[in-house]
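Pulled from TrEMBL:
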DOMAIN    265-357  domain 'Transglutaminase-like'
ACT_SITE  Cys273  active site
ACT_SITE  His331  active site
ACT_SITE  Asp354  active site
BINDING   Asn394, Asp396, Glu443, Glu448  Ca(2+) binding site
Amino acid sequence: FLALRIENVNWQSKLNKAAHHTSDYNSTEAILRRGQAFNITLNLQTAAAAENSFTFIASTGPCPAESQQTKAIFNLSKEDASGWSATQEPSEPGCMNFTIFSPADAVIGRYKLKLQIASGNKVSSTLLGQFVLLFNPWCPNDDVYMANEKDRREYVLNDSGIIFQGLEKYIQQEAWNYGQFEEDILDISLAILDRSLNHRQDPAVDVSNRNNPIYVSRVVSAMVNSNDEKGVVEGKWDGKYRSGTNPLQWSGSVTILRKWYKRRYKPVRYGQCWVFAGVMCTVLRSLGIPTRVITNFNSAHDRNLNLSIDKYIDVSGKTLHLTEDSVWNFHVWNESWFIRRDLGSFYDGWQVLDATPQERSKGMYQCGPASTRAIKEGDVNLDYDSSFVFAAVNADYVTWIRYSNKRKEKIYSDTRKIGKFISTKAVGTNFRVDVTASYKYPEGSLKERRVYKKALKLLGVRRTGKRTKIIRHRQRSSVAWRRNTTQPAQKPSISGKLILDASPVIGQDILLTLALRNLISDFKTIRVKLSASAILYTRKPKAEILQLSRSVKLGPAEEKEIPFKIAYAQYKKSLMDDRKILVTALCETKQGASLLVEKDIVLQDPLLTIKVLGPTVVHKAVNVQVTLTNPLSEVVTDCVLRAEGSGLLKEQLRINVARMAPMESTTVQFEIVPYKSGTRQLQVDLVCIHFSDIKGFVTLDVAPA
């Protein structure tokens with residue numbers, strides 16, 4: 001018996017990677033997609049005898065077994081029951097070419113491939129090597145199949161993107177570096193699966209479930225937060241980040257994932273919703289599941305799932321924390337694309353996943369996948385967590401005044417405030433696409449009301465009487481009426497709105513006007529209680545900035561404008577790491593309805609410009625010039641300029657900016673050497689203790705070498 005001696009194995013890396021759309025992975029390993037053929041060549045020391053028979057064994061996980069679909073044993077030209085098969089192709093003398101097929105429902109992960117050679121009754125076994133198998137959106141039989149090539153380029157292959165933030169009336173673009181193809185990121189994504197609670201409890205069953213995107217995406221939604229399993233990111237929402245990084249300072253997932261991995265799986269501090277969503281998008285795209293990032297403006301966090309968010313204010317208009325319900329200015333989650341064999345084909349398509357640890361689901365901080373179709377149709381009883389997401393986009397917003405004697409009065413119920421401008425980045429461009437219509441029927445339509453009632457019924461929520469509608473004013477602020485509960489609702493006798501006199505910039509005074517109008521033909525004296533607080537994007541107050549009281553006399557049908565300002569000195573200390581302010585004016589009259597006017601303010605970024613001084617070509621150095629302005633009328637010291645971008649910089653670049661004079665513009669120059677062609681995103685971030693980060697980005701088209 002002459003054993004067939006194999007000199008080496010050629011995994012045809014370039015050829016296979018191009019065919020499997022995995023050329024972008026920064027790795028020497030064979031990275032392949034399931035449901036698609038790949039080629040390997042064996043270079044031989046001895047020629048193969050005609051009587052040799054070949055058997056391949058592909059295995060994954062710590063305890064491979066055919067019964068668990070984690071091991072496949074297959075011969076040449078005969079497809080095994082597992083769906084794996086191999087064929088021998090024509091070859092030059094001294095080598096053998098094989099084509100190997102994996103099934104479209106194979107378990108994903110790192111595999112070993114062995115070859116058993118039998119000659120007569122003798123068998124020898126050789127390890128041919130390892131490969132990584134991923135989900136395959138290009139394969140029509142894969143659960144994650146996506147038919148449109150432009151969509152696949154965006155949701156699987158794009159390694160940078162835009163996450164929308166801000167306010168419904170002031171939507172901002174924030175660049176994010178997903179970097180799913182950067183060195184180590186695929187290994188880290190696989191390590192995330194191996195660190196999960198499910199894997200630690202039963203590794204064999206966990207690995208055998210990894211053929212299912214429903215299972216894999218749900219595990220990732222639990223592992224991206226640190227709450228149950230020492231996952232990747234630790235959340236913090238109190239404005240105190242001394243023992244870690246302020247969530248606003250991250251601009252991509254790569255630094256976070258590498259930090260977690262290198263520090264032996266110690267959760268990275270700190271994240272908020274867009275950080276969790278950015279990291280989850282990276283992990284799922286790296287595993288081959290088409291994924292995008294979604295922003296929901298005026299997002300409800302409905303703790304008791306009664307589809308009602310109750311907000312309490314005291315007689316001065318200050319928010320009271322009497323309930324765990326809240327409405328965030330925005331909340332960011334993910335959608336992944338796959339079919340729902342568990343629910344039926346009606347629910348195929350985009351599925352909501354949320355890694356932000358808000359509520360437990362089946363005992364753990366995880367959320368989804370919840371079908372967007374289920375949310376739109378009010379099917380809140382369907383797996384997973386569709387009721388929580390339904391409430392986030394559909395709950396009513398009810399405002400109450402609570403008096404010192406604990407008596408409370410309902411001011412109004414707003415059925416249209418929650419779930420506005422649900423946004424994601426467009427395919428192929430940085431434009432915003434509104435996807436609200438995939439989550440709900442038009443506000444106030446018959447269909448929308450029906451769906452709402454269906455959801456209430458499924459959740460077992462009882463409602464008394466009709467839901468009252470808000471009397472609306474065409475303005476940016478939200479207006480509320482207090483109705484005396486013992487009398488029929490009175491007609492409002494005053495109207496009002498808060499107007500910003502100019503776009504406020506950090507470092508400058510904020511000038512506002514409260515415009516009040518008497519709607520009746522009597523004289524009125526109005527007591528105005530005005531307050532301003534620094535808030536987080538969750539609308540949780542961090543610090544009180546201002547409190548004023550004024551008395552205003554209005555003649556019949558008279559209009560008056562009351563100007564006031566929030567001086568920089570008043571907000572300076574409260575807005576060092578963020579730039580959001582909530583202003584409220586409670587306007588009370590002796591008798592009849594009172595008025596609450598609210599306005600959210602986001603201070604604008606000072607100007608930051610990025611110029612690339614020359615053409616961008618792979619492996620050719622090019623200079624980048626960044627011009628920044630100190631927005632303050634005081635000297636600023638110890639700032640750091642950070643730059644990052646997949647395909648442009650291997651790791652984050654940091655440049656010290658020692659001193660900036662008051663209102664001074666400074667230019668910083670640095671060099672980049674692009675290492676990948678195509679559309680690339682360069683992000684720049686000025687970090688400083690005197691004010692929150694100033695960020696900018698530029699999109700570059702890098703030519704091949």
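The backbone N, Cα and C atoms fix where each Cβ goes, glycine too.
Features per TrEMBL, on structure.
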| residue | record | CB count, 10 Å |
| --- | --- | --- |
| Cys273 | active site | 26 |
| His331 | active site | 26 |
| Asp354 | active site | 30 |
| Asn394 | Ca(2+) binding site | 24 |
| Asp396 | Ca(2+) binding site | 22 |
| Glu443 | Ca(2+) binding site | 15 |
| Glu448 | Ca(2+) binding site | 18 |
* Structure fact -> For Asn394 (Ca(2+) binding site), the spatially nearest of the active-site residues Cys273, His331, Asp354, using Cα atoms, is His331
* When you average the Cβ positions of Asn394, Asp396, Glu443, Glu448 for the Ca(2+) site, which other residues in that chain have a Cβ within 8 Å of that mean position? -> Thr415, Arg416, Ile418, Gly419, Lys440, Gly444, Arg449, Tyr452
* Euclidean distance between Cα atoms of Cys273 (active site) and Glu443 (Ca(2+) binding site), Å -> 26
* Structure fact -> Between the C-alpha atoms of Cys273 (active site) and His331 (active site), the distance in angstrom, to the nearest integer, is 6
* Distance between His331 (active site) and Asp396 (Ca(2+) binding site) at the Cα atoms, whole Å? -> 17
* Rounded to a whole number, how many Å is the Cα of Asp354 (active site) away from the Cα of Asp396 (Ca(2+) binding site)? -> 21
